[in-house]
Amino acid sequence: MLVWSNGSSNTSYTSFFLVGFPGLRESRAFLVLPFLSLYLVIISANTLVIHTVVAQRSLHQPMYLLIALLLAVNLCAASTVVPAMLLSFSPHFNRISLPRCLVQMFCIYFLIVFDCNILLVMALDRYVAICYPLRYSEIVTGQLLAGLLGLAAARSTCIVAPVVFLASWVRFCRSDVIHHFACEHMALMKLSCGDISLNKTVGLTVRIFNRVLDMLLLGASYSRIIHAAFRISSGGARSKALNTCGSHLLVIFTVYSSTMSSSIVYRVARTASQDVHNLLSAFYLLLPCLVNPIIYGARTKEIRQHLATLFQKPQ
């Protein structure tokens, strides 16, 4: 056990044990197979759609490239969470140092926020495509997309970095056991000693401000998109535009409903067991990674057609 000390009364743990689903005790080993299977399904589904977009030159358009990037972020998020989760089920491989814990915390929240920011870029792309179709190729250039994605990454970093930075200055003296499968902010803060009101305030304020701003921007964008889609004279073009927007809106609903429900229940249901909170965290972290490739693979006609040809038996 590693403990940092500065005097007899100022000690802080510098390494921890991740214990996912602590209420199951010795039965945690039985969780390895279902979560490993889920991880393999997530990898396969996301990789398949990404490969389809990259391999087909006809899909080298901003909308499909943004879908591939979104699914790549899903892959990174699942790979950040699930391996650590599987190790947390073992009493021999579940130790994690504080720096690694903070890095994992940053990666988890950065990828979640970056995921939401990509959805904002996709909304802007669809807004230009439907409201200004004749000028689409002139407006949405590779340089513009690169700039928007760079801005999205910078915004994600600015949102997450203060939370992780403040967490790095907290003393952890209550225990060296994190009753969670990952270094989530509140799970780590439960081990703190001293005043962490600033950490809680900053974390809650950043999350609420970010979510409200995102929902306002998405709501304004898609209301204009749907209004413009209904004004399209061609029935086929209108149907295609609404179907594309429907896929994006399903993904937005999945991402935001899972994160917001977990956050609300985590703060309201304080009497719920730690295993329930862990299950909610797994739900909001992994559900978008599983559902997003299914939505885009099944509802996006061009991707669906290429996937169908990929699995067709040669005549």
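Cβ atoms here come from the backbone N, Cα and C positions, even for glycine.
Per TrEMBL, the range carrying the annotation transmembrane segment out of 203-221, 241-259 is 241-259. Sequence-remote contacts of a segment are chain residues at least 6 beyond its ends whose Cβ falls under 8 Å from one of its Cβ atoms, and for the transmembrane segment (144-170) they are 62, 65-66, 69, 98, 102, 105-106, 109-110, 113-114, 117-118, 120-121, 124-125, 185, 188-189, 192, 194, 196, 198-199, 202-203, 206, 210. Note on the domain 'G-protein coupled receptors family 1 profile' (45-296): its mean pLDDT in the predicted model is 87.
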